[in-house]
Each structure stands twice: as C-alpha cells, then as structure tokens.
Amino acid sequence: MGDTTAVTASPQVQEVDLLVVGGGKAGKSLAMLRARKGDTVVMVERDKVGGTCINVACIPTKTLISSARVLHQVQGAAAYGVSLPELGADDSSSRDDTALLTRARIDLVALRRRKESVVGGMVAAHETMFADSGMDFVRGTARFVAPRTVEIATADGAVRRVRGRRVLINTGTTPAIPNIPGLADTPYWTSEDLLTLPELPGHLLILGGGVIGVEMASLMGMLGVPVTLLHSGEHVLNREDDDVAAEVTAGLEALGVEVLTGARVSAVRSSARSGPVVVRTEDGREATGSHLLVALGRTPVTAGLGLEAAGVELTERGFVRVDDHLRTTADGVYAAGDVAGTPMFTHASWNDFRVLRDLLDDREASTAGRVIPWTVFATPELGHVGLTEAQARAAGHNVRVAKTPTAAVPRAKTLGATAGFYKVIVDADTDRILGAAIIGESAGEVITAVQVAMLAGMPWQQLRDAPISHPTMGEGLNIVLDSLG
Ligand SMILES: Cc1cc2nc3c(=O)[nH]c(=O)nc-3n(C[C@H](O)[C@H](O)[C@H](O)COP(=O)(O)OP(=O)(O)OC[C@H]3O[C@@H](n4cnc5c(N)ncnc54)[C@H](O)[C@@H]3O)c2cc1C
Ligand SMILES: NC(=O)c1ccc[n+]([C@@H]2O[C@H](COP(=O)([O-])OP(=O)(O)OC[C@H]3O[C@@H](n4cnc5c(N)ncnc54)[C@H](O)[C@@H]3O)[C@@H](O)[C@H]2O)c1
C-alpha cells in the first residue's frame, strides 16, 4: 500500500506519483489500482463520489427504465394469462382483469426511493473501495496552475497544491445547452433534472433524438406520459442505418411517442414560468407541451481547469487533445473518458483505464482500432457493434447483410416480445463479421456474443453453426446467419 501522506518537496506543493483530476470511470479505476500497487495517489472530485455514470447517468436511468418496464408488463399482463384473483375470484363476471391491470400506475415516491437505493448502494461501495485502496481522495475543485500541478479548493474551505509525476484528466462532460432563442427564458430539464422525477409531466417535449432523447422518450412513454420528440436529423440515432432507426422509431410510436424528424428546433417560448412550452422548428412546425427536456449532446468539462497553465491543448471541438496512448500535449499528462473525446460510454472510459493501466506498467497498449459497442435502452432494446451497413459499404467492403425479424426467434415468441430484427453485416471476401444491430429483448446482452466473435476474428459461418442454447435470444444469431446460406 502506498504512503498516502506523500512526500512534500516544498512547503506549498505536495508531490505524488499520480494525480487524478475528476473521479470518472477511468480516473477512479486507475487511482485505486495505482494506490494498491504502492504509488502515492491523489484523486480530486468536485461533485459526487463515483462520477457521472453511477450518480446521474447510466445507473439511475436504467433503474428507472427497469421499473417502467415492469409497469408496462403489468399493464399488458392479461395477455399472458395473468389475472387478479384477490379482486373477485369468485365473481369473474363482475370484473375485467384487462382493464384493471391496464390501470396500474407508477408510485413516484417508491420509484425515486428505489433509484436512490440502487445509486446509494453503489456510492457507498465506492467510498469503501476508495478508502481501502489507500488513495488520498480529495473532495474539491482542481485547477491547473503550472505543469502537472493543480490547486485544489477543497470542500472544507482549504487550499492545497499537488503536483503529480503523472497526471490524468478525467473530468467528463455536462449537458450541452445550445443558444436557441427563448431557451434561456424557459424552464427546462436536462437529463439530470429529469432523473429527480419531481413530477410526471402532462406532456413532455424532448429536444434531440440521440441516445438520451430516445431512452427518455421510451421511459416516459412506458410511464404513460405523452411525449413529442423533435430531432433535427433525417432519423433518430444519427449513427444508425435507416432501417435500424425506423425500427427504434416504431418502438417509440408503439408507446405513444410522437417522433418528429427533420425538426431542428430554432425557437422556444413559454407564456408563464409554469405555463405551456411551445417549440418551433426551422421549417415552421410547432409543438406544445407542459415540460421540456433538452437532450442535445454533452459538453466536455474543461472550462476553468487552467489547461493553458498545464500546456494541455484542446481539439477544435473542445475536447482534450490526446494521441492513441491517451497522452495530452503536456509531458506526463494523460486524459481519458468523455473529456478526451473517447466515445461517450462508461465501458469506453473503462477501456481507456485498461490502456493506461498497461502503459503505466510499460506494456504496449493503444486505443487505435478498438471496437466499442453500445446499447440503447429503449423498449425494445437496441444493441450495436462495429460498422453499420452504410459505413461498411462506404468503406468499400464486399458487403453481405443477414437480416431476420426478431419474431423468428423462438425465445421472443415465448416472451411475447417479437418486435425488432437481427441484422449482421459480413465481408463476403474475408467472411469476417463487420458489425451488427440487434433490436429485441436483451439485445444489449446478445450483441456481446457478436462482439466476442469479432474480437476472435471468427468467420461468420462458425457463429452460424455454433450450438447456442435453445430457446434463448442468443439463438437468433444462428437463425439470422443461416439466412446467408
Ligand atoms: C443520462 C445519461 C445516461 C447514460 N447512460 C449510459 C449507459 O447506459 N451506458 C453507458 O455506457 N454510458 C452511458 N452514459 C454515458 C456515460 O455516463 C459517460 O460516458 C461516462 O460517465 C463518462 O465517464 P468519464 O470517465 O468520462 O467521467 P465522469 O463519470 O463524467 O466523471 C468526471 C468527474 O470529474 C469531476 N470533475 C469535473 N471537473 C472537475 C474539477 N475541476 N475538479 C475535480 N473534479 C472535477 C466531475 O464532478 C465528475 O464526477 C450516459 C450518459 C447520460 C448523460
Ligand atoms: N445507453 C447509453 O450508452 C447512453 C445513454 C445516454 C447517453 N449516452 C451518451 O451520451 C451522449 C450524449 O447523448 P445525447 O443524446 O444528449 O446527444 P447526441 O449528440 O447523441 O444527440 C443529440 C441530437 O440532437 C440533435 N439536435 C441538435 N440540435 C438540435 C435542435 N436544435 N433541434 C432538434 N434536434 C437537434 C442532433 O442531431 C443530435 O443527434 C451520447 O453520445 C451517448 O454516447 C449513452
């Protein structure tokens, strides 16, 4: 275990082996590992223990989505043969189970309590892990004042200066609030505000059909909230193929969500602080709602960090400039996660940690060429890995596409969850799998099997012929690849 008191080289500056600015996924993982290995480590965190994902992003959203899915299932439970015997089992003529189940509602207080309990449990686990690792976890805001040196305004009012032999910047992103006329004068929620669920909106307007917009629209749709989603692109989820986005849109519409595409919002107005919100698109369409959610991307947290003093440059888009080894333009300073322009996923930030773990131990490691999958937790779910069909064609591959409705998968039939499709893109010359998009129950789990096949360089025929358990959603991979012959 490291000497956490660290060596003081001058009266003002504490010298440590590793200084981590921002305790996101990459930062906290590296801080704990290096401290356990005996390095002196200071990690500075200005806000919540454990970073964005566990407090205000992945974990609370997925917890709420799980509750909403249960509600959705209960409301549709009569179709599965579920009835309510305690409400008149001996008088079946006087009740209508379908109607009663449909009337199931969410209890907002209990919902919030469940979310807070899941998040709280993970935060508590992090507090223990941080302490056990031996790192010096400092609550406060860090700002660079010299190369590899920060000044920390600590939460208890003190000021500390710390210099790291090596430094990692892992300050993440915050919701982007574009300068749309009228927006500043209108009450709006970001994803963080929505998670506190102060109330269920009468009608939610969502600006942006990226991952956040789609997941929140699906969540609110399942909770019975009328939703209008306005997205500037031709289809939601800009990165996906047209057919994939269309299927996700169909899933939203099945939940009652109105999806407006080609709808770049150019003005927002609200007659009173609590009055209806009206948004207007560039092509003159208008939508009215009771609440507004802004889901228009995320901004890297670099303002006020003093990066000039550290010699750390930014890219044109405002992210910390890094090379394939996550090295910034300043000697000994690395950056990782969202702020470094890594794809904005927790598992990508975690993978940055693994690259740094190896580099700091003088082993070869790089971010070049890695394939990062993602899951969009809408209902039905979308799992994605590798190239889209459009990207594969644009890259000049000799493309073959295998596509089968999720309804063809026996497990989907038993689950009564038949919406979606399996789509796998292969290279006809090399037989390698280039990418896949799967829409259906547990798609985020099934996509991992495709990812592993890709990592192993497996020819698609081997996955087609693998004896996959029956009946599982994974078996859909046999079925979809069978369609290639
Ligand atoms: C609503 C929502 C849902 C999401 N769902 C998913 C999902 O399901 N799956 C997924 O993979 N990804 C999801 N993401 C993305 C994921 O949350 C991010 O990619 C991930 O959290 C980025 O982690 P990070 O390591 O970059 O740093 P972060 O976890 O963002 O941590 C950065 C930390 O730095 C701190 N900090 C900033 N400046 C300073 C400073 N000057 N001094 C001290 N500390 C500072 C911040 O307080 C913060 O805690 C979601 C994002 C959102 C917004
Ligand atoms: N399940 C997950 O892994 C998950 C979940 C949530 C968020 N995230 C991460 O968070 C990041 C941020 O998500 P996001 O959805 O906020 O951003 P995003 O950039 O993915 O989507 C925002 C969309 O808004 C559209 N847009 C921009 N201006 C507009 C306007 N004026 N009117 C209408 N539409 C407009 C853009 O075309 C863009 O596609 C994502 O990149 C994702 O990686 C991941």
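Every residue gets a Cβ built from N, Cα and C, even glycine.
Where the annotation comes from TrEMBL, it is an automatic prediction and has not been curated.
In the three-state DSSP assignment, the secondary structure recorded for H470 (active site, proton acceptor) is coil. Here TrEMBL flags H470 as active site, proton acceptor.
Residues or ranges marked as FAD binding site by TrEMBL: K62, D338, M344, F345, T346, H347. Within its own chain, K62 (FAD binding site) has F377 as residues 6 or more apart in sequence whose C-beta sits under 8 angstroms from its own. For the recorded site, K62 (FAD binding site), the DSSP three-state label reads helix.
Summarising the annotation, TrEMBL assigns NAD(+) binding site to G208, G209, G210, V211, I212, G213, V214, E215, G297. Within the same chain, residues at least 6 positions away in sequence whose Cβ sits under 8 Å from that of G208 (NAD(+) binding site) are L230, H231, S232, V294, A295, L296, G297.
If you look up TrEMBL, you'll see C53-C58 marked as disulfide bond. Over all protein chains present, the Cβ of C58 (disulfide bond) has 16 other Cβ atoms lying within 10 Å.
Here the domain 'FAD/NAD(P)-binding' (17-350) has a mean pLDDT of 95 out of 100. The domain 'FAD/NAD(P)-binding' feature in TrEMBL is assigned to 17-350.
Under the heading domain 'Pyridine nucleotide-disulphide oxidoreductase dimerisation', TrEMBL lists 372-477.
Cα of G210 (NAD(+) binding site) to Cα of D338 (FAD binding site): a span of 16 Å. Between the binding-site residues G210, G297, the minimum number of other C-beta atoms within 10 Å of a residue's C-beta occurs at G297. Across the fold, the C-alpha of D338 (FAD binding site) and the C-alpha of C58 (disulfide bond) stand 14 Å from each other.
Put simply, H470 (active site, proton acceptor) is 34 Å from I212 (NAD(+) binding site) when counted between their Cα atoms.
Ligand 1 lies under 6 Å from the Cβ of the following recorded positions, listed in sequence order from C58, V214, G297, M344, H347, H470: C58, M344, H347. Residues from the recorded positions list (C53, G208, G297, F345, T346) with a C-beta closer than 6 Å to any atom of ligand 2: G208, G297, F345.
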